[in-house]
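> Starting off with a structure, shown below.
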Amino acid sequence: MIVGSLNVTVLSIAALLIVLLSISTLTTKPLSSSVLGSVGGKPYPQTSTEQFNVLRFGGALAPYVSHHGYGVGPETPEDCVVDQVHLLMRHGERYPTYDSGKRFEKLLNKLQKLSNVETYTGPLAFIKDYKYFATDEDYELETHSGPYNGLEDSYKVGLKFREKYGHLFDDQNEVLPVFSAGQERVVDTAKSFAKGFLAKSANDSLLSLQALPESSAQGANTLTAATSCKPFDYSENDELLSKYSTKYLEKAANRLNRLSPGFNIDADDAFQMMSLCGFELNVRGDPVWCKLFTKDEWVAFGYQRDLDFYYRASYGHSLAVAIGSNYANATATLLKEGPSEVGKLFFSFSHDTDITPVVAAMGLLQSASHLSVDQIDFFSPFKCSQIVPMGAKVVVERLKCSTDGKAYARIILNDSVIPLANCSDGPGFSCEVNDYHERIIRGLKGTTYTEVCQIDEDLPQSLEVYWNWSK
């Protein structure tokens, strides 16, 4: 009996030590109530205030919103330093594209010239005096005013990055390389970010902007890899996507027609109105279109947009992983080579549909099975509004830790640490750099971007600008 009791005691002590050790590795600082803020005298709120936020269901058309995260702090883990950083950022809040804008104009022209609206009443009454927010000259560009000012937001991101990663830049002896896709709004975002990052230096000559044309002639030396991919078909899954029920739009249209007689809007009109919500916020910060729809309707709209991204530019598309691997593999190689060999800061800027393939190549936020088109998959981690909202940021930090001398990769998506499945046992739930690189290679299943996308041999075969940029 004594021996048995002793064994139990030893096992209990061992178990306690394991628990304590586990807890010590999970946090670098004591948890403070200031993280969430005091509510009604309570140190922590007891309600889910973010349970519904239209920005999380706006389908990547609306202003920036942080990823909800998994509770992991973005602070640098204890005994580690960040010695290399990669940023892939979407342009900031913008006006509609030209094609989308013309569809909005057509809708508004229809609604404002109806002869059978006798009295403007109900939720659509505002349309009588509504003034559209854009001209042809505005289309495609970033917003430059309002509470969701795209250019100002990218400037502020630059300021924050200088605060966090300023130790990696010597403004007395170094030039800052910034890499951008060639479209005007993306270049403007890159410049605004750089202006913020270099604000303390007050020296524009420290910037070396590398703007890469959005052309197939770039081969693999591109931040818009789908453009160079010959077999890529954006619409390969259109038949599948058509199976998703849009009855929610029909119900929304019927409800609005009942409350505001005479407009006779249809399901397509309702979809355009929901899309207008995001852009009205981007430009004016006015929720006038957003308030027309119920929470359930926004959930259904958000999922429809999730499906579009998933099956056209991410896990559900046959070529998405290969396309995204062009950037993912290049940055993983830079992580392996290290800052002393290739540099410390790699800030890149592109579009939403160029970022979602990268997310797939990295293996982030992958569902156990493909998204259902038959019903809403409420438990899917793939939410386009939290992955590529306006101003989206995919950050990969290289952590060098004194505990074992190894280098680790840690991904921060829209301000939240996203641990990698089956590779999160490093400091701060990071992944050892070599393992990170290997998982990207495994995802390609023996192929490469240049092979899958049939890049001509006389064109660049890699994202070589990261190694060959000119000062």
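Placement of Cβ uses the backbone N, Cα and C atoms for every residue, glycine included.
Where the annotation comes from TrEMBL, it is an automatic prediction and has not been curated.
Okay, so TrEMBL annotates it like this:
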DISULFID  Cys80-Cys401  disulfide bond
ACT_SITE  His91  active site, nucleophile
DISULFID  Cys277-Cys290  disulfide bond
ACT_SITE  Asp352  active site, proton donor
DISULFID  Cys423-Cys431  disulfide bond
> Restricting to the recorded positions Cys80, His91, Cys277, Cys290, Cys423, which ones have a CA within 10 Å of the CA of Asp352 (active site, proton donor)?
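Passing the 10 Å Cα cut: His91.
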> How big is the Cα-to-Cα gap, in Å, between Cys277 (disulfide bond) and Cys80 (disulfide bond)?
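Cα of Cys277 (disulfide bond) to Cα of Cys80 (disulfide bond) measures 43 Å after rounding.
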> Just name the most isolated of the disulfide-bonded residues Cys277, Cys401, going by other Cβ atoms within 10 Å of its Cβ.
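Result for the disulfide-bonded residues Cys277, Cys401: minimum number of other Cβ atoms within 10 Å at Cys401.
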> Taking just the CA atoms, what is the gap between Cys80 (disulfide bond) and Cys431 (disulfide bond) in Å?
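Per the Cα atoms, Cys80 (disulfide bond) and Cys431 (disulfide bond) stand 13 Å apart.
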> Within 10 angstroms of the C-beta of Cys431 (disulfide bond), what count of other C-beta atoms is obtained when all protein chains are considered?
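Within a 10 Å radius of the Cβ of Cys431 (disulfide bond) lie 24 other Cβ atoms.
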> Sequence gap of 6 or more, C-beta under 8 Å: which same-chain residues meet both conditions with respect to Cys423 (disulfide bond)?
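Listed in sequence order: Cys431, Glu432, Asp435, Tyr436, Arg439.
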> For the recorded positions listed here (Cys80, His91, Cys290), which one has the lowest count of neighbouring CB atoms within 10 Å of its own CB?
Cys290
> Would you mind reading off the Cα separation of the residue listed as 'active site, nucleophile' from Cys401 (disulfide bond), to the nearest angstrom?
33
